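Following: one structure in structure tokens, then a few remarks.
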Amino acid sequence: MKYPPSLVSLIRELSRLPGIGPKSAQRLAFHLFEQPREDIERLASALLEAKRDLHVCPICFNITDAEKCDVCADPSRDQRTICVVEEPGDVIALERSGEYRGLYHVLHGVLSPMNGVGPDKLHIKPLLPRVGQGMEVILATGTTVEGDATALYLQRLLEPLGAAISRIAYGVPVGGSLEYTDEVTLGRALTGRQTVSKPQPPQRPGDEDGADGAAVPASR
């Protein structure tokens, strides 16, 4: 028996979502089919509204519906500390911990040469002008192979800019994502972060070359 074309199309589109395979997409499609029409219309409206109103913050690249995100627009935040994360969901997770009052920078991914993701595919270059002498940059990428490789690449790139660089570590499970780590563990991870590079005299003239020329650690 063949599925109707409209159902096949729905399953195909749902399977494009992260973490959703063909079988999960099929279950979701049947679930949606069984829901009242008004529920489906409300879901469709919410999707269209989010796509219309949401964009990335021009400073930190977090998701926002305003000119700047709430963190960048808050003058009470610590302007001398920047926490670098992989995805917008990581910002929400760290904010829930209540242990961090600095700024953020969202990369929207990690380095993954095997998947064709190099530095030019991430929001790395816009980070460089935000970092200066006497600041601290917390590298809070995940503890996956790609997350560690991205942190090492950023460390090498940021060291000449004169900032102290630390790596989130304590309590975050190996191979884990910050988005799925509980707030207590994340709070301890921030408090127990380890310095990986002390401040050095800034070398601003090499910014452009560094962004393109620093070696990308190979992911295993």
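Glycine is no exception: its Cβ is also placed from the backbone N, Cα and C atoms.
Features as listed in Swiss-Prot:
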- 57-72: zinc finger (ZN_FING)
- 80-173: domain 'Toprim' (DOMAIN)
- 190-220: region 'Disordered' (REGION)
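Tertiary neighbourhood of the zinc finger (57-72): same-chain residues 88, 91, 103-108, 123, 126, 130, selected by CB-CB distance under 8 Å and a gap of 6+ residues from either end. Averaged over the zinc finger (57-72), the predicted model reaches a pLDDT of 98. According to DSSP, the zinc finger (57-72) comprises 0 helix, 2 strand, 14 coil.
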